[in-house]
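Trainee: Here it is, the structure in full.
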């Protein structure tokens, strides 16, 4: 009631839900009586909101998980696959482990799975005492809350225990198994309740500070023995017990009582006794605050130091190994961190240690095999994968194979098949492994993708198409599958359908690098200006993502050549070669461009670089030999080029004809005649070869009646006609050398640009997560 100028006003208060209300409600419910009216309506609304919110969150979580339960292995939670009583003894012991982490968070670890905490296999295990002590502490707190007449104390304890216990129960393994043994992350909300208990205990120590001095408290009680009951109650409750309830009707608030505390001390005690009481009070206050500040300081320092452990993956898992050497997953994850840094030799040691700690850990063997693969130790890699495969659950005779296998363990089939597929003679064996993985998990899209790649290598494009289409049934939004279907149609020569699937891949992933690159190349091949603009946009988009991709620069150069922008083409080709100095197509096309631009001396170094890295590049050798003959005049070097071509392709007409030209330049007409006759046999319908043979035979006839000098001049005058071995236009022997050379180069350029091996990347996409790291980082 509040008295104001306008009369008496009532202050409306929302009634709180008290613990005793819950007790009464449960009692009325169990007794079957009706009419219980002390339950507040607001409490009902709040509880309904909490229930609806919880159910909604559970439904959302199930939707995110695809309405499937996760698959846990016995390594994630060893107790979950143990027999009674080991399972329940261990589960209950874990309660005390979690309480100890809250009380003394010294040895923290990011992963507590596998063998970190040995199983409690017997009731005689000493660790059961810790379990018993934990439950006793909780039960004592519950008892105090139930019997206490102090409403504030009851509310504090119940609220603290509620935050401590209820958020922890779903992860406690007591009602259903979870995928971990201990996880420090699940103690986040329980730590709030624990901190509330600590704060409440600190408050009690501060309120009941005189009770820590028993001699003085008993002396005080003897002194106030003759005092009136009301004043006695007031003094004892405030000086000794710290009771919050008013003991004297005259005291309106606790502040008034505290203000009257020291005068009362002066009234009933001697001056010395009051001094001792005040001194003891100050000492106890200092002790409590010192202990609290020390606790805060220690935890602050621990938090600060822990930040260094979480600097990166390597540091956090190494910090775990300092605490726990029995967890193979920690060794695996340290290995993963080193593997990400390409420190494979160091990673190998940790994976080997993981195998030694947990010899039946499938994931450790897979990791070991993958690291051997990185180190090019393929035999050891295959042995590791086979050992992992042997550890998978076996089918029982006469029963269908229905064992639940962790998805990451199925990667042993993919990794082993990928390794085997490197050997072209074992592709069928790899295909069998992919089919085996698919039989264990019908929606295993990664296996479909890899199997399609193998089928393409086996030239079974129709089957590959069917495999990818089936993969789309399980994952219709996977851009890699659409991309690979585009590759299939590209292999079948169906460029329009291939482009449609590449565009579909870009629809789901606009940044898909392979789809952007190959669709740009296909658009360019259509030869239409509007398509070339789209192709250029896609290539420039790739450059924004990765300016170190030499293939993008090369294809930009080819686009520039289509637009007759030789300066831009030269720029892009040079960029591509700068990034990859053995880039075959870029080296040849740049040399070809420079030769066409009457800059053969600039082209020669790139051709030499080309044949140094690719000594079997026939077209490069032909162009280089032509420059040696017509520009550099190095006949020996030209002869070496053409002889190298004939070693690679003994029936190469162009190479053999140009070798004949070298013989003519040297004046070896008889040898040149024999050479041209061999060329004529290889290409009897080529008019220019017949014409060149006649020219040489004519010169031989004239040489019998003319002087050597005249013979030399005549042959030199007719030499140009012999250079144009690719000139099929029927021109006469007086064709200009430069024009013949340009025609020759144009033919070469046309061939290289239609060579899809140098343009379109037809490699099927193998997603990066196929060669998968099992036992991924599962931070607590």
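Positions of Cβ are set from backbone N, Cα and C atoms, glycine also.
Checked TrEMBL, it gives:
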COMPBIAS  704-718  compositional bias 'Polar residues'
COMPBIAS  722-746  compositional bias 'Low complexity'
COMPBIAS  753-774  compositional bias 'Basic and acidic residues'
REPEAT    328-361  repeat 'TPR'
REPEAT    362-395  repeat 'TPR'
REPEAT    445-478  repeat 'TPR'
REPEAT    479-512  repeat 'TPR'
REPEAT    550-583  repeat 'TPR'
TRANSMEM  47-64  transmembrane segment
TRANSMEM  129-146  transmembrane segment
TRANSMEM  158-180  transmembrane segment
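What's the neighbourhood like for each of these?
Mentor: Secondary structure of the repeat 'TPR' (328-361), assigned with DSSP and counted as helix (H, G, I), strand (E, B) and coil, comes to 27 helix, 0 strand, 7 coil.
Per-class residue totals from DSSP over the repeat 'TPR' (445-478), listed helix then strand then coil: 27 helix, 0 strand, 7 coil.
Same-chain residues lying 6 or more positions outside the repeat 'TPR' (550-583) and placing a CB less than 8 Å from one of its CB atoms are 517, 520-521, 524, 527, 532, 535-536, 539-540, 542-543, 589-590, 593-594, 596-597, 606, 609, 613-614, 753, 759, 761.
Within the chain carrying the transmembrane segment (47-64), a Cβ under 8 angstroms from the stretch's Cβ atoms is held by none of the residues 6 or more beyond its ends.
Long-range contacts of the transmembrane segment (158-180) within the same chain, counting only residues at least 6 positions beyond its ends with a Cβ under 8 Å from a Cβ of the stretch, are 19, 70, 72, 76-77, 79-80, 91-92, 94-95, 98, 112-113, 138, 141-142, 145, 186-187, 189-190, 192-194, 196-197, 200, 778, 780.
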Trainee: Write out how many residues of the repeat 'TPR' (479-512) are helix, how many strand and how many coil, based on DSSP.
Mentor: 27 helix, 0 strand, 7 coil
